[in-house]
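Engineer: Structure provided below as C-alpha cells; questions to follow.
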C-alpha cells in the first residue's frame, strides 16, 4: 500500500482548499456591499467583515484537522463558535500526490507554526483596488518559512465575463512554487515595488538612493512578492516598520522556493517560531534575483534608523 502523505504535504494541501474557500468569502462580502469596516489603530489600519470571517474560517478549518499546530492570525478575535458554513474540510489532491522533500518528512504537528493574514491589502480592498488583495497562509518549521499559499481572490477581475476569477499560488522549499509563470524582471532595469499607503521620508529616501528606473506603489506584501516572481518588479523595498510576520511568511516561502531572497533592511532573515515578536521592525528587502546589488546600496542612514 502507498505510504500516507507526509504531514507537511497534508497541511499544504488543506491550506490550498482553505485559501480557495477564503477567496469565496472575500468575494461574497464585497458583493453583498456591507464591508463592516472598523479602524484598528487609524485610517490606514483597517479591518473588515472579510478579515474577520476569513480568519475564523482559515484558523478553525486548519485547527480542526491539525489540532496540535500553532496558528497565529493577524486579527484579534473573540473566541466565538465558528459556524459550520465557514469550515473547509477539503484538500488539493494534486499537492498530496507530490513527494515531500526529504528534510521535512519527519515533521510533527506541534513543530509547525502557521501564520495567517486573512486579507492582505485591506485598505485597497475597501477602495476597490481588488487586484492588490491576497489571502496568505505561511507554514514555518524551526523558525523558517518552509511552505506557503497565496490566494488572489480577484486575479483576472478586469478580464471580462467568462474569465476565471481568482488563483492560488503555492510553494514548498526544496520543491518549487506553482500556480503562476515564473518570470524575471527585464535585465538591467531597476524597478522597485514599494508601499502605497505607508509612505514616509525614510521609505522615499531609501528608494531614491537606489536610483530606480521606475517605482511601483501597490498595497499588500503578498501582491508585492507576486510582482517579483512574475517579473514586473526587480526589488521590493520597504524601509519602515509596519510589516508583520503574517505578511511575510507565505510570500517568503514561495520566493525562496524559486531561488529569491527576502530579509530586513539590514540583511537579517526573518524568524517565524511561535515566540517571536510579530512586527518586522527593520523593514523588508526582497528580490527574485540580484539581491546583493540592492542590499549593497541601502544607505547607512536608513539602516541606522531601523532597529531590528
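Placement of Cβ uses the backbone N, Cα and C atoms for every residue, glycine included.
From TrEMBL, here are the annotated features:
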BINDING   74, 117, 119, 120, 247  Mg(2+) binding site
Engineer: Ranking the binding-site residues 74, 117, 120, 247 by other Cβ atoms within 10 Å, which is at the bottom?
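Structural biologist: Among the binding-site residues 74, 117, 120, 247, the lowest count of other Cβ atoms within 10 Å belongs to 74.
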Engineer: Enumerate the residues of the same chain, 74, 117, 119, 120, 247 excluded, that satisfy the criterion Cβ within 8 A of the mean position of the Cβ atoms of the recorded Mg(2+) site; list them in sequence order.
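Structural biologist: Counting only non-site residues, the set is 51, 116, 118, 121, 122, 134, 135, 136, 220, 221, 222, 244, 246.
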